[in-house]
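Asks: Questions regarding the structure given below will be posed in turn.
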Amino acid sequence: MEAQSGVQRYPNPAHLSWVTLSRNLLLAYQSFGVVYGDLSTSPLYVYTNIFSGRLQNHQTEEVIFGAFSLIFWTFTLIPLIKYVCIVLSADDNGEGGTFALYSLLCRHAKLSLLPNQQAADEELSSYKCGPSTQAMTSSPLKRFLEKHRRLRTALLIVVLFGASMVIGDGVLTPAISVLSAVSGLQEANNKLTNGELVLLACVILVGLFALQHCGTHKVAFMFAPIVIIWLVSILSIGLYNIVHWNPKIVHALSPHYIIKFFNHTGKEGWISLGGVLLSITGTEAMFADLGHFTALSIRLAFALVIYPCLVVQYMGQAAFLSKNPKSIPNSFYDSIPDKLFWPFCIIATLAAIVGSQAVITATFSIVKQCHALGCFPRVKVVHTSKHIYGQIYIPEINWILMILTLAITVGFQDTTLIGNAYGLACMTVMFVTTFLMALVIIFVWQKSVILAVLFLLFFGFIEGVYLSAALMKVPLGGWAPLVLSAIFMFIMYIWHYGTRKKYNFDLHNKVSLKWLLGLGPSLGIVRVPGIGLIYSELATGVPAIFSHFVTNLPAFHKVLVFVCVKSVPVPYVSPEERFLIGRVCPRPYRMYRCIVRYGYKDIQRDDGDFENMLIQSIAEFIQMEAVEQPQFSSSESSSLDGRMAVMSTRPVQSSLSLIVSEQDFLSIDDSIQNSRSLTLQSLQSAYDDDNLHIRRCHVRFQLPSNPGMDPAVREELMDLIQAKEAGAAYIMGHSYVKARRTSSFLKKLAIDIGYSFLRKNCRGPAVALNIPHISLIEVGMIYYV
């Protein structure tokens, strides 16, 4: 008998495929509660909006059949072919949405306007997505876009416009979904007035936004059965209506009925396309929420459940309306048998709330991404799940959305008017996605320009026709998303413009290294024990604010670290790659640089362990530098603000450089505990009372017993440990940004009024960076940009 001990066992491919399939099926189930709530509630109001206005004069069987044929082919071409088959493949390391496409483009071509990117960023594991960019270096189109700054600015404006329309969706979706769902009550009880119906919708909306702080992870898993019950219900009613009222509706699957539709309706039929496009609202959520699921799970859910259920429902409604054209103003609820009315009304209301929840969550995500790319003021971001990464809640945005949604609901009081606004917002986002996808096909997928042009012309033409019809309804409610997007886009662009100008000022006014070297290791002032963490947006060089510190402060810390927290155009940065450590000036100066990198989907958590990880990373850098460059180990000219190294930010533990001798959690900061000032201790106690959720980790380091360690390295590490024990201070510039006197009127308006207003009314940089207020030192400085 042959011995089996030496036989290597490989995983069974069938078992692996079954595990993958079962995981994707579970994700597909969960996606019903997050992605498809909005799309699946569209039958509540589509036919009502199509036959509003002058199309009321064409309520014949052929026209109704033609309307269904338009819905069917629109639903097939855009959600199924464009999104499911093509767009879902353009993910950015599993992330989707407008900013994911922009991020991909910025990595494969130099399209970003913020000049803080470094060569080291390209070495990130998540940076390498898609084919190698080397083959595209000679692309004329790529060189043309990179050369012209105005084109890059125009691209950013297009992306911001798309993002603004997504935020507009977050305002309009809850209004139209909830108002459409509760409108069935008026059919059941004629005594209900429009005012009472609107009041009920407002109460539901207030409750919906008030519950946002609880998070969406539990709600999504809990609400997935509601959406599935809703889909099965509308599928059943659709089949019943087809069989009971008019089985000939099956013939309307032929596009021939679309030609008949336009022959009968003419210009009125073209304007009614603004109602047809409401059947695909919520489609963008499939791509925007890709990060929480997988492309396969979203494709399975759409192809196997969403597509057949909604097509049959629209077909059933058309069959019912072809025999009951007078029911068009309330088509969905009239098509339901009387005995099933109340169960459907309850399920429809719950499904509408689920659909609203999904879009509100997507709005939080898009605002977070805008902020990460320097296009939105600083806001408070709250984690709502300990297990699901990326589930966030933004209080300021939530309440702004609630106020705007209530204003839309009370102001319009009509689902047709809100539908006109909603359709314009959704189609604009789809059009922006089509445009960006064409660029992705060229730059990221590296396909031929002809293929990209064909994609742009085909889908751009279809969406352009719908967009033109939606624009015709601007006076009838379509102005709402345009006004909302203009406001949000103005805020985004002003913030990005001011941020860019401030960064460029820092970039062109850096402190000369010759000046620092001329001051000597003491910097011309007293160097006291402790660590000074100097925060700056500069990724290279010494910021101008440092000269203010040196000239205004009588003493400075013995160890100085220039900390730059920046975003890179990738969704996530792994903890092992987060820190870049380097040296500023020669070794006796004890000056270092730390660049902390985050992706646009990363959240900056305050776990109280940043100082300890920073100290350990710097210690490892010192040790690594001595090993790799022994000839410079005692030189005073090594690493003059040039070489940076990636240091892992794993949890604090003993290493070759430092040994953790003591580790515990304290509620009082070590630097304040060492201080004998009762005032500081009382202030710190008050700070801790307001921040009970933050438990700062107090770690004591000591040097390992290594006789072979270089004396200069040992001395530097000892200085680092002693500085850590003495305490750390966070140093920032309290900057005031003003336009130069010679600037144009528009620039003064943008900087002195717009940008200054946003800076004063958003979260301070110290709060956004989770810097303890009690350890913060600020020095004022005016930026003339």
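Placed from the backbone N, Cα and C atoms, the Cβ positions cover glycine too.
For 27-516, the entry in TrEMBL reads domain 'K+ potassium transporter integral membrane'. Annotated domain 'K+ potassium transporter C-terminal' per TrEMBL: 529-783, in sequence order. Residues annotated as transmembrane segment in TrEMBL: 63-81, 151-172, 192-211, 223-243, 270-288, 300-320, 340-367, 388-410, 422-444, 451-472, 478-495, 515-535.
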Asks: Which residues of the chain, 6 or more past the ends of the transmembrane segment (451-472), have a CB below 8 A from one of its CBs?
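Replies: Answer is 74, 77-78, 82, 86, 270-274, 276-277, 420, 423-424, 427-428, 430-431, 434-435, 437-439, 441-442, 478.
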Asks: The transmembrane segment (515-535): which same-chain residues, six or more beyond its ends, come within Cβ distance under 8 Å?
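Replies: Same-chain contacts beyond the ends: 542-543, 545-547, 549-550, 553-565, 585-586, 588-590, 611, 614-615, 671, 722-724, 726-732, 765, 769, 771.
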Asks: Compute the average pLDDT of the predicted model within the domain 'K+ potassium transporter C-terminal' (529-783).
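Replies: On average, pLDDT over the domain 'K+ potassium transporter C-terminal' (529-783) sits at 76.
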Asks: For the transmembrane segment (388-410), which recorded stretch in the set 151-172, 192-211, 223-243, 270-288, 422-444 gives the largest number of Cβ pairs separated by under 8 Å?
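Replies: The stretch with the most close Cβ contacts to the transmembrane segment (388-410) is 192-211.
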Asks: Per the 3+ Cβ pairs under 8 Å rule, pairs at least 6 apart in sequence, do the transmembrane segment (270-288) and the transmembrane segment (192-211) touch?
Replies: no
Asks: As a test: from 192-211, 223-243, 300-320, 422-444, pick the stretch that has the greatest number of Cβ pairs under 8 Å with the transmembrane segment (151-172).
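Replies: Looking only at 192-211, 223-243, 300-320, 422-444, the most contacts with the transmembrane segment (151-172) come from 422-444.
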